[in-house]
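Participant: Have a look at the structure that comes next, please.
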């Protein structure tokens, strides 16, 4: 059951994107601003709105710890903000000066990707705040990006319809024509799928486009096969171009927003529609699930952001304590460990723990020495 719990009406123009941290929601708009809200009561933080961009803000995202917020704009820059006080930490200028359409932190926040309208792609080093690698897609604007949960690769989507897989050295691993009229968004589930028979790991990805479709894919990595992008199925719930898609924390649900003004929530395993939400009065441009609470945000060209509360069986901060009493720590999955980290306000370490495949047994075996020497904590 999805229940509308709050509507934010502070932006004066189209809402282009929204993003959650474990404690905040950030929204950005054609009105050149980014606004930040507390998840406790959906009030705007004292330093909000953030004003620094000189043109429309297309995308925003939090680092894994939630301490840094990135935003990118038509003005050709990606700005980094301190999510604690709203101070500007850095202004990263796209070398070409082209409008920046999408930005994404790697899971451990070591890197930030910025993709621009001219197809240029920059991988920024977050420690030095310098350009680390650069690349270009063959055709079209870069409009979508998603990192794998282990941070070893990321996927970009272009207005020409291509999905491209890159490794963390910015080498192109795979390119696939996915949506005839252009990709608009893509997301990778935070829950890898293990193939017990062959020992391979799959990553599930969703992409959506101007062709009214959402496509589900499996990304497969194997030493002797390289990388393979396998088409899984198409979801045809929308009657107009699909502008946004996002997985829930547990990978069990997928949400999408469309020019048809509807938000659809699908069950990932079956492709069945769980909910259709039609409260927005204009195109739905963005949607996002919260990482550690059962909340969904949807933004629209109607200048509003709707916040929904829903029933989701997922490990999250709200129910971790209950889970701890029912499941012995040694039986925790990697996702249970991630949820526990969030609940302890240690979300910074989720990416690191996932990359090292730390489940309950591994967690119990960690020592001060192994934390310091192996995990550098």
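Cβ from N, Cα, C; glycine included.
Among the features that TrEMBL reports, repeat 'WD' is placed at 50-91, 93-134, 146-167, 235-276, 277-308. The domain 'SAM' annotation in TrEMBL covers 332-377.
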Participant: On average, what pLDDT score does this prediction assign to the repeat 'WD' (93-134)?
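Facilitator: A mean pLDDT of 97 is what the model gives the repeat 'WD' (93-134).
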Participant: Treating G and I as helix alongside H, and B as strand alongside E, what does DSSP give for the repeat 'WD' (277-308) in helix, strand and coil?
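Facilitator: Here the numbers are 0 helix, 17 strand, 15 coil.
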Participant: With Cβ-Cβ distances below 8 Å as the criterion, list the same-chain residues six or more beyond the ends of the repeat 'WD' (277-308) that contact it, or say none.
Facilitator: 2-9, 11-22, 25, 27, 29, 39, 42, 243-249, 253, 255-259, 261-265, 314, 316-318, 339, 342-343, 347
Participant: When you scan the chain for residues with a C-beta under 8 Å from the repeat 'WD' (93-134), skipping those not six or more beyond its ends, what do you find?
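Facilitator: Here the qualifying positions are 55, 58-65, 68, 70-78, 80, 140-151, 154, 156, 158, 166, 168-170, 348, 350-352, 354-355.
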Participant: If you run through the repeat 'WD' (235-276) with DSSP, how many residues end up as helix, strand and coil?
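Facilitator: Breakdown, helix to coil: 0 helix, 22 strand, 20 coil.
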Participant: For the domain 'SAM' (332-377), DSSP counts of helix, strand and coil?
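Facilitator: Taking the domain 'SAM' (332-377) as a whole: 31 helix, 0 strand, 15 coil.
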